[in-house]
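Okay, structure first, notes after.
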Amino acid sequence: MKIKTRFAPSPTGYLHVGGARTALYSWLFARNHGGEFVLRIEDTDLERSTPEAIEAIMDGMNWLSLEWDEGPYFQTKRFDRYNAVIDQMLEEGTAYKCYCSKERLEALREEQMAKGEKPRYDGRCRHSHEHHADDEPCVVRFANPQEGSVVFDDQIRGPIEFSNQELDDLIIRRTDGSPTYNFCVVVDDWDMEITHVIRGEDHINNTPRQINILKALKAPVPVYAHVSMINGDDGKKLSKRHGAVSVMQYRDDGYLPEALLNYLVRLGWSHGDQEIFTREEMIKYFTLNAVSKSASAFNTDKLLWLNHHYINALPPEYVATHLQWHIEQENIDTRNGPQLADLVKLLGERCKTLKEMAQSCRYFYEDFAEFDADAAKKHLRPVARQPLEVVRDKLAAITDWTAENVHHAIQATADELEVGMGKVGMPLRVAVTGAGQSPALDVTVHAIGKTRSIERINKALAFIAERENQQ
């Protein structure tokens, strides 16, 4: 049997972390078994579904490289198929027309609730022989079995059973002729030959209804697996304040897709004590029986730790392709300065996100208008004039511009003046970067370049002279 899974989001908003994890688990299961992964857009909610949301979902999937083998399919383009199946069910007696008014249904609901009963349709039209005009408004209901129970072996939670007496005859076609969500899902899974349905636990109550419809259609019933919800680290339902933002927001905030995927796969699944997984390892090791039944806690600090790891572990040339977007957002012209891959090597240890990296690299490519006030006050003082002049001349004398030779020039300056490295290094750092912090000074000066570094040292010396004149 060929394994076939699907990810079926409703395009009423962005792709959030919960949806992304469900997509990842479905994708991994299919890939682990050499199967196929289908993308289906469940857009039957015409009022809330938007083209922007569809684009956002597909952007998120593409950024995470969760490529699909079929689709995207759109439910709104399959209404003829759904209605044909409903008409077939009406002929076979597994569905029936219901003419009950909204007023009657509301009164029935209030009566049942007053008695402490679960609100459900009482089946009045199921056995009715009343004659109705062809154009009289009606819905179509599924004739749910009235005896027995529905049992399915959830691959994460184990056997789950529902009594058919708890399930009423759900509406499968509205008065306007449009099919309902639960019915469309069934026909889609049937037509697309889905073998395994991996989805959130909020769909558990839909499962017995969908199984009963499949059985009425004499269609194969897929295997179900319901993934637990994601909470914040405070144990409460995940919300925006916990980080429940769109997948693309993580891109915008400077996270690598590898970091988010690694974090999401571990958010409810484990393989021994292993924390870091390549995409190939995820595919190799992923199984549904290793997915936890318990809710997971989203921890932004852990995600940030993973992102920092991947910034330094992945090839700099690859990280640079993602950094490029953030550089563009900062409007930095990188034509005159180090290659982005070299920048990744320079700033990788200091920066935990690509956004942070982009925001802290401008001095490598563009001259700064002024020095950081605190750093200049502390380090660009008259006592720094001589160390800066000496190191400038030694840097100017370098014929082979390497980080090693830059280091020798700084060290030689300290030795010649008989001062500690800090007496040379700190004024030099402020002079060439404009700030009091940077990566290792020798590689920083090397990356900034010989001509630009000397020009900036001269600018710092002029700043010191002007400061002296003002005193």
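The first residue you see is number 1, and the count goes up from there.
Note: Cβ is positioned from N, Cα and C throughout, glycine not excepted.
Keep in mind that what you see is a predicted model, and the values were worked out from it rather than measured.
Quick look at what Swiss-Prot lists:
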MOTIF     9-19  motif ''HIGH' region'
BINDING   CYS98, CYS100, CYS125, HIS127  Zn(2+) binding site
MOTIF     237-241  motif ''KMSKS' region'
BINDING   LYS240  ATP binding site
Reduced DSSP assignment, CYS98 (Zn(2+) binding site): strand
Per-region confidence, the motif ''KMSKS' region' (237-241) (mean pLDDT, whole number): 73
Helix-strand-coil residue split for the motif ''KMSKS' region' (237-241), DSSP-based: 2 helix, 1 strand, 2 coil
Residues of the motif ''HIGH' region' (9-19) by DSSP state, where helix covers H, G and I: 3 helix, 1 strand, 7 coil
Other CB atoms, at most 10 A from the CB of CYS125 (Zn(2+) binding site): 18
Winner by Cβ contact number (other Cβ atoms within 10 Å) across the binding-site residues CYS98, CYS100: CYS98
